[in-house]
Amino acid sequence: MTIKAVIFDWAGTTIDYGSRAPIVAFQKAFANVGIQISEAEIRQDMGLDKYTHIHKIMDLPAIQNDWQARFQVLPTEDDCNQIFSNFKAILLSSLTEFGQLKPGMSAVIDYLTAHNISYGTTTGYDAEMLALVLPIAAKQGYRPAVNITSEQTGGVGRPAPAMLALAAEQLTVTDPTTVMKIGDSVNDILEGNNADAVSVGIIDGSNIMGLSELAFNALSPAEQAERRAHVTAAYQRAGADYILQSMAELPALLDQINQPVATDH
């Protein structure tokens, strides 16, 4: 097998260590209408497009109960739209703050370029959010050839394979088994599996880990190992083909997969 294309997620995978920007925006948007939501309630559905994610949060029994207690009615579609609009405004204003490439990404970009492996992205961001992130990434040397949002796939996002399939098509890769999908959430892994791609989960700085770099580095070695084991188990349950501690391990994995098969003469 040879990997011809690598498709990355954005927040928590290539930028924004710990996938903090969406968490902060979700919490602020709900707090603005008097509803408190936990990180765990948000993170369980990370990887979905943000509009769908708002609906998922609204459907949580605890949120429905809090909403009814506060407003005497259940949340409506208009309520979802209002919160999404507020969420988007908050996120757009904060994306530049969280746009730094994660450790190891610069070396990965150099490796992919040197080995003529094309790369692109799929994302839960919409086009407007992506338009803010792309130039920030480009200034750091990260310029994916294609960037797919669910707006380009008729609103069908993860865990369905549509965005990944479109990314591969635009990169002119016809065999999905030669595509590697790298992400930091369960929905990223499911997207890869559903597309028949090679799915890879990143541990450190992931959505599943849920810690900023500062917070993670403040943990004891034993606590770090425990957190990493928790993330590893989540990826294993989702069916990840490979699990990497950090992006720095990706070049070695690609070398391993892409090494020529020895033949007898």
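Even glycines carry a Cβ here, placed using N, Cα and C.
Features of the protein shown, as given by Swiss-Prot:
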type	residues	note
ACT_SITE	D9	active site, nucleophile
ACT_SITE	K50	active site, schiff-base intermediate with substrate
BINDING	D9, A11, D184	Mg(2+) binding site
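Sequence features annotated in Swiss-Prot and their locations in the structure.
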residue	record	Cβ within 10 Å
D9	active site, nucleophile	28
A11	Mg(2+) binding site	30
K50	active site, schiff-base intermediate with substrate	22
D184	Mg(2+) binding site	34
Mg(2+) site shell beyond D9, A11, D184, criterion: Cβ within 8 Å of Cβ centroid: F8, W10, G12, T13, T14, D16, S19, M46, G47, G183, S185, D188, I202, S206, N207
Secondary structure of A11 (Mg(2+) binding site) (DSSP, helix/strand/coil): strand
Structural state of D184 (Mg(2+) binding site), classified by DSSP into three states: coil
Distance, K50 (active site, schiff-base intermediate with substrate) to D9 (active site, nucleophile) (CA atoms, angstrom): 14
Cα separation, K50 (active site, schiff-base intermediate with substrate) to D184 (Mg(2+) binding site) (Å, whole number): 16
Rounded distance in angstrom between the Cα atoms of A11 (Mg(2+) binding site) and K50 (active site, schiff-base intermediate with substrate): 12
